[in-house]
Amino acid sequence: MSDQIADIQLEHQQYVAPLGDWQRTHSCCELTAADVGNDVCIMGWVQYRRDHGGLIFVDLRDRKGLTQVVFSPDFAPEAHKDAHIVRSEYVLAIRGRVRPRPEGMTNPGMKTGEIEVVVSEWKLLNTSKTPPFLIEDRTEASENLRLAWRYLDLRRPRMARNFMLRHRAAQSARRYLDELDFLEIETPYLTKATPEGARDFLVPSRLNHGMFYALPQSPQIFKQLLMVSGMDRYYQIVRCFRDEDMRADRQLEFTQIDIEMSFVDEERVMSMAEGLMSRVMKDTLGVDVTVPFPRMTYDQAMGEYGVDKPDTRFDLRLKDVTDAVRGSEFKLFAKAPLVKAMRVPGGETMTRKEIDEFTEFVKIYGAQGLAWIKIREGEWQSPIAKFLSEAERAALVAALGLEVGDIVFFQAGEPGMVNAALGNLRVKLGQHLGLIPEDTYNFLWVTDFPLFEYDEEEKRYVACHHPFTSPKDGHFDLMTSDPAAARARAYDMVLNGYELGGGSIRIHSAEVQRRMFAALGLDPQEAEEKFGFLIQALEHGAPPHGGIAFGMDRLVMLLTGSPSIRDVIAFPKTQKATCLMTQAPDAVSARQLRDLGIRLRETPQEQKPE
């Protein structure tokens with residue numbers, strides 16, 4: 001702030017008055033033509049100030065909207081006298097009378113656009129320094145600047161709308177679950193570190209040196225113990241913690257709608273979850289969604305979309321063409337364990353520059369390149385066309401339904417890479433070509449997930465969801481004899497290409513749980529040390545049970561059309577896992593470390609004094 005502006009702000013402090021017995025009668029978005037003639041009191045922040053001759057106009061803002069107020073020397077000379085001091089983001093209390101705006105001056109884009117409040121008296125509740133960016137929906141401020149001044153960023157109307165919608169979503173979920181006789185029960189934040197899954201955040205114990213609590217990645221074990229306890233319908237809107245790499249739709253701390261039910265199978269859990277999402281969509285956006293949601297198996301999703309959370313709003317599909325090109329002279333096709341193709345109708349007009357950009361994009365997912373063919377009248381244009389025989393071309397036409405004007409993209413290699421590269425390219429093409437309709441919400445279930453997935457780094461099988469997921473009927477022995485073939489009683493709800501929630505029927509047999517731990521490479525002693533309390537609980541009359549958890553942040557991100565979950569979390573971390581506003585994480589004093597029995601091998605640069 002310049003010295004001149006600082007002096008002005010300091011000078012204006014003399015005008016600041018206490019709130020006293022003034023009380024708001026309305027928010028800044030409530031007043032309409034029906035209130036004309038009424039005396040009101042509104043309070044908020046100055047969005048804009050405009051001097052028009054003798055009149056001073058101020059747009060007053062709170063989290064709900066704007067109201068135009070007018071300082072008129074004819075209506076209230078005393079109120080008008082000092083109005084010239086008002087600046088953007090000053091905090092005002094206004095008493096005045098509602099009157100219609102002059103003819104031709106109404107604003108149909110505002111709920112309060114037919115009226116204005118002419119000021120009879122007012123108070124300056126506080127001044128404000130000049131903000132580092134404009135408090136408007138359209139801002140050129142970088143995200144880092146906005147996060148450093150988050151309390152100002154949250155004043156922007158879009159951000160306020162995001163959090164009002166988030167509140168409505170939470171209230172809607174609570175009402176729905178309460179109607180179904182669920183109990184809202186809190187579970188511990190300080191718990192025990194367990195293997196599997198993402199890294200835990202550890203909290204040292206001051207009273208037990210060398211011992212650590214872990215912040216929960218989810219309330220999974222505790223909600224299962226509640227089922228054993230007889231609390232047969234549980235939910236919680238709960239904060240969870242995972243020490244994992246950040247991205248646009250992930251945070252170190254996040255919120256989920258956590259649900260568990262006893263005496264149920266998959267159908268009952270999924271039906272309950274569909275009803276919940278239908279209610280939330282109706283209560284927040286006024287959108288009716290059709291239930292039951294479509295379903296597809298994990299194998300179908302990976303086969304046709306390359307991902308386990310397909311966006312079905314547009315119809316590009318992947319096709320396995322391995323057999324069609326098995327004998328090809330193009331060696332990459334001939335030798336690859338899997339060759340997949342994606343036909344893009346009308347894509348023949350793509351430029352080489354666009355294709356080169358897509359080629360660079362798929363390299364993110366381990367691909368070496370991107371093969372393509374343009375289908376033109378009388379010819380196939382492509383660097384690989386000369387390697388394809390007439391029989392192979394005919395087989396591709398039959399498999400893909402190729403027509404003149406199409407372009408086909410190919411990927412060949414290991415299934416994991418092929419699916420990741422083409423599956424993500426599919427989404428990028430949908431965005432690039434404008435194939436994805438706005439304001440469309442495509443829900444679906446993905447079912448029959450693998451029970452295990454192979455971890456190349458650890459050279460062992462790990463749980464695909466978590467180690468408490470029940471195998472499908474008839475797959476019990478496969479847990480140890482053929483882990484890759486074992487399927488889980490698991491289900492994910494997907495919305496527009498995002499995993500919205502995931503759940504499963506749980507293991508409620510102590511013997512099956514022991515077998516699961518053994519299949520994951522946990523020896524009996526380690527399993528007892530880490531999960532003995534759970535196994536013991538399962539030996540004491542555990543009912544069949546299952547549940548689901550929805551990512552609250554991700555849900556609200558999708559409902560608000562926000563590009564990142566950081567826009568729907570009040571005080572999020574950056575992608576470097578820092579808080580730019582509070583400067584967390586931070587060093588602590590040597591005394592605090594001594595109290596915890598901790599000695600650092602390297603002293604942080606910002607070590608706190610004693």
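Glycine is treated like the rest: Cβ placed from N, Cα and C.
These figures come from a predicted structure and were not determined experimentally.
For the ATP site, Swiss-Prot lists Arg242, Asp243, Glu244, Glu499, Gly551, Met552, Asp553, Arg554; matching the candidates Gln251, Gln513 against that entry yields Gln251. Looking at 220-223, 388-391, 440-443, the stretch flagged in Swiss-Prot as region 'Aspartate' turns out to be 220-223.
The binding residues for ATP are recorded as Arg242, Asp243, Glu244, Gln251, Glu499, Gly551, Met552, Asp553, Arg554; their greatest pairwise CA distance is 19 Å. Packing around Arg554 (ATP binding site) is summarised by its Cβ count: 21 other Cβ atoms lie within 10 angstroms of its Cβ, all protein chains included. Sequence-distant contacts of the region 'Aspartate' (220-223) (same chain, at least 6 residues past either end, Cβ-Cβ under 8 Å): 187-188, 191, 194, 234, 236, 258, 260, 466, 468, 531, 534, 547.
According to its DSSP assignment, Glu499 (ATP binding site) is in a strand.
Nearest to Met552 (ATP binding site) in space, judged by Cα atoms and limited to the recorded positions His52, Gly104, His465, Arg506, is His465.
Mapped onto three states, the DSSP output places Met552 (ATP binding site) in helix.
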